[in-house]
Amino acid sequence: MSKLRLGVLFGGRSQEHEVSVMSARSVVKMAKKEKYKVIPFGITKKGQWVGPEESWNILNNGINEVKASKDRCITESVRVFLDHKLDIVFPVLHGPYGEDGKLQGFLDCLDIPYIGASVLSSAAGMDKEIMKNLFSYHKIPQARYRVYRQNHLENGLDGIISEIDRFLGWPCFVKPANMGSSIGVSKVHSPGEVKKALEKGFYYDRKLIFEEFVEGREIECSVLGNDQVEASLPGEILPGKEFYDYEAKYKDNKTRLVIPASLDESVIDKARNLAIKAFKAIDGNGFARVDFFLKNNGVLLVNEINTIPGFTQYSMYPKLWEATGLNYPDLIDKLIELALEDR
């Protein structure tokens, strides 16, 4: 029986480039060699596609940035990809240009099956404003928030500060609407810190989410499925910093993951059910990770959904499934099965 030709896309133009490389390194290592011919394709920060030989060199030698040995126009980049006649693609690309529906639409046009969310659900899961609107429509509990665009600054900061003071209070969080891995996020303790947080956030996006600060625990749940959806046991993040930012996620070894989380059975059941509900709210398919806040009074709030979560061997998504009874190589099998089923 011939092996399935599995393309693994990684790197990309987003600020989460290095995280993507680390995730892909785990995927190519753990995919079953007897079942798949793994063919990696790196994408540089400029959007150039790199062929398998160069990509293997990056993955096998601990290099965390994709660089092309020569400049390629878009036609050459696509040709590098198409020449390998892939059966399926795993886009291990986090953030804009990989997780937001653009790449998924490209693969749809090429009629190549791929793992994970569709164009629609990718876009909805990437844009926090759209995501939160969908959660509201489906009556999914979440933290209070406000959305601001750059044109809201035309009348100065006073109106924004007044609204935050009335509706959210201090401290609060400021987040770019279309970034992941907590890139560009600020914790704002007082009105005097708003200007700096806006400047930081608008560097990454044209609209920002202001979100109330929630005192409590950070819980995560992994989701898997198409029409029939299941959720893993939940895990807990114990950040070594004031909040779980990019440094805490990927560079600070003080952060601890508790898998599975120590929770009452009723909270576990509620987290799993809410994770599935959030997944269905964005019309999800394949896989996703859903993040929660567990308030000190026991109320569970959905924070966000990630349609291409971190996928290193040590990332929460695969570790939660391992704790639930599905190991990493079998998880890859299941994702491929779901992707082909969805065609």
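Using the three backbone atoms N, Cα and C, a Cβ is placed for every residue, glycine included.
Under the DSSP three-state reduction, Lys200 (ATP binding site) is assigned to helix. Residues or ranges marked as ATP binding site in Swiss-Prot (evidence: sequence analysis): 165-220.
According to DSSP, Asp291 (Mg(2+) 1 binding site) is assigned to a strand segment. Annotated Mg(2+) 1 binding site per Swiss-Prot: Asp291, Glu304, in sequence order.
For Asn306 (Mg(2+) 2 binding site), the same-chain residues that are 6 or more apart in sequence and have a Cβ closer than 8 Å to its Cβ are Glu99, Gly125, Gly180, Ala288, Arg289, Val290, Asp291. Here Swiss-Prot flags Glu304, Asn306 as Mg(2+) 2 binding site.
Residues or ranges marked as domain 'ATP-grasp' by Swiss-Prot on the basis of sequence analysis: 132-337.
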Least buried of the binding-site residues Met179, Ser186, Glu193, Asp291, going by other Cβ atoms within 10 Å?
Glu193
Rounded to a whole number of Å, the separation of the Cα atoms of Asp165 (ATP binding site) and Glu304 (Mg(2+) 1 binding site) comes to 23
Between Met179 (ATP binding site) and Glu304 (Mg(2+) 1 binding site), what C-alpha distance do you get in Å?
12
Neighbours of Glu304 (Mg(2+) 1 binding site) among the binding-site residues Ser186, Glu193, Val214 (Cα to Cα, within 10 Å):
none
By the count of other Cβ atoms within 10 Å, pick out the sparsest of the binding-site residues Cys172, Val214.
Val214
